[in-house]
Amino acid sequence: MRKKLKISHLYLIVVFLILYTPIFYLIYYSFNSSGTMHHFEGFTLDWYKEVFADTRLLIIVLNTIVIALFSAAISTIIGVFGALAIYYAKRKQIKNALLTLNNVLIVSPDVIIGASFLILFTIVGIQLGFTSVLLSHIAFSVPIVVLMVLPKLQEMSPTLVDAARDLGANSWDVLTKVILPYITPGIFAGFFMALTYSLDDFAVTFFVTGNGFSTLSVEIYSRARQGISLSINALSTLLFLFTITLVIGYYFITQRSQRSSAVGGRK
Amino acid sequence: MNDRVIIRFEHVTKQYDDDPPVLDDVSFEMERGKFYTLLGPSGCGKTTILRLIAGFIEPTKGNIYFNGKLMNGVPANKRQVNTVFQDYALFPHLNVFENVAFGLRIKNLDKKTIETKVREALRFVNLEGYENREIHEMSGGQRQRVAIARAIVNEPEVLLLDEPLSALDLKLRTEMQYELRELQRRLGITFIFVTHDQEEALAMSDEIFVLNKGKIEQRGTPKDIYDEPINRFVADFIGESNIIPGKMLADFSVEFAGKQFECVDHGFEPNEPVDIVIRPEDLEITTREQGKLQVRVDSILFRGVHYELCCYDDNGNEWLVHSTKKAEVGEEIGLYFEPEAIHVMRRVETKENRGGER
């Protein structure tokens, strides 16, 4: 046992401790009855009750989930077709150019994306609110979906398409009966990624929300600025648990896709 | 035109961009119910011919006819041919039954017909009882059979096979050679089989097309091609052979390795330079005195069925001999062969200027 605990392991443990301690600290005090974050008085679920009693907050939670589901679903559809377009681009330069444009959107800072959307929506005249948030969430999720789906397409043997056509399938059959089933794990992975990105996005949303519409992350930010209430801790804890669930779901989907790719990717 | 012809290529050329053509002005006919093999080294255009017939690519120039109908521009899904792919191309998300049923479901056949036909096809390839298996649970040989079942269930008039045995081990490959040949006889449809393995081609085919650099070098029955290769390339590619430069002195008389020999070839110009072919198994080891040729054994290799001797004559020509008799390295031996064993080829002979009737 002693031999196994090397410096590298120790380093890993320390890093993870540093990363996770604040979150667990926050979760820990969400059960504190004293109302502060430095002295633990006794266990209580009052803060959670407060969260569930706050109808404004519940509406915002609902908003957030609706935005996340809609934007993830729509961006998954757009992203899959985008990935197909990149995959079928005939010329290599065009393919690379499209892929680079896609990746730039992923690495560019949220603040810039948020600000530019704000400018765009004001110029075009779209009212800030549900629509503007939804549109911007779709926009930053599409590149993520493309990036999740494209590798599945590339690992698919092109003879699968030939085989389907050989057996009488037209283009629509090829798409629905061969390509889409094959890349399904990638599509699910893309959907879940888009979902988590939308759920926890703050910067972009902050720019494009208007009066009367808010998402959870923006709401938590504004409440935290007004003064510390442990109901924020309770809310954050719930959010954290929800994200963890998503990550675990994502993990199982990639596991499954790895197993099936052991067959499909064979030459 | 005779109605046994099912596929006809008319001056077909396939070229990508400005590269040299993959297929260069190829014309041929194929009859129904026969087993054809397209044989050649990689890059010779054999797979291109297959893909042209299947409809995955279109010819740059020339016409392709199927049952007398022009096929140019007809997409792959509208053609009466099916393909067995080199990597099998089975759909990993479908089980064995659904893979085989794929083509029938596209045609919207009713459930009962599909069930009957799929089971029949699986029985044909000896895969009864495997209907519900997933593809990744099948071995290489079994996947091969699923791929064949998936193709023949659509009752194509022509089955295209793109090096389907290349991924199998030697024993399985030999078994599948018999099975494929047997399958073709039972189905009675045309098989077009692509391979670079000459033994496979010789064992299975009714007729072999030997291809090189986008052209058909020679077509004929396995025996024709083996015994009467038209030129150096074919002789070299089909089996092992001794190819020695020589000179045709007159009809039935040829000179090589510094000696004059009786042969059965005629119709050449007097003193025309030629290549002569003698297959290693046609050479017999005798004593120096009795042999027609005197050689020295340079190396010897045990090949199981026979010994493979590498010998040199006094002129420095290399002679490969397959014999069940053993000789010692360095030993001076004689080689005996019948006049029929000598095959004379015109230099750079192609089909058009073929001479030398036998």
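Cβ atoms here come from the backbone N, Cα and C positions, even for glycine.
Given the structure is predicted, the values throughout are model-derived calculations rather than measurements.
Over in TrEMBL, the protein carries these features:
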- A:61-250: domain 'ABC transmembrane type-1' (DOMAIN)
- A:12-31: transmembrane segment (TRANSMEM)
- A:57-89: transmembrane segment (TRANSMEM)
- A:101-128: transmembrane segment (TRANSMEM)
- A:134-153: transmembrane segment (TRANSMEM)
- A:174-196: transmembrane segment (TRANSMEM)
- A:234-253: transmembrane segment (TRANSMEM)
The transmembrane segment (A:174-196) and the transmembrane segment (A:57-89) contact flag, 3+ Cβ pairs under 8 angstroms: yes
Dominant neighbour of the transmembrane segment (A:57-89) in A:12-31, A:101-128, A:134-153, A:234-253, by Cβ pairs under 8 Å: A:134-153
Winner by Cβ pairs under 8 Å against the transmembrane segment (A:234-253), considering only A:12-31, A:101-128, A:134-153: A:12-31
Chain residues outside the transmembrane segment (A:101-128) and at least six past its termini with a C-beta under 8 angstroms from it: 82, 86, 135-136, 139-140, 142-144, 146-147, 201-211, 213
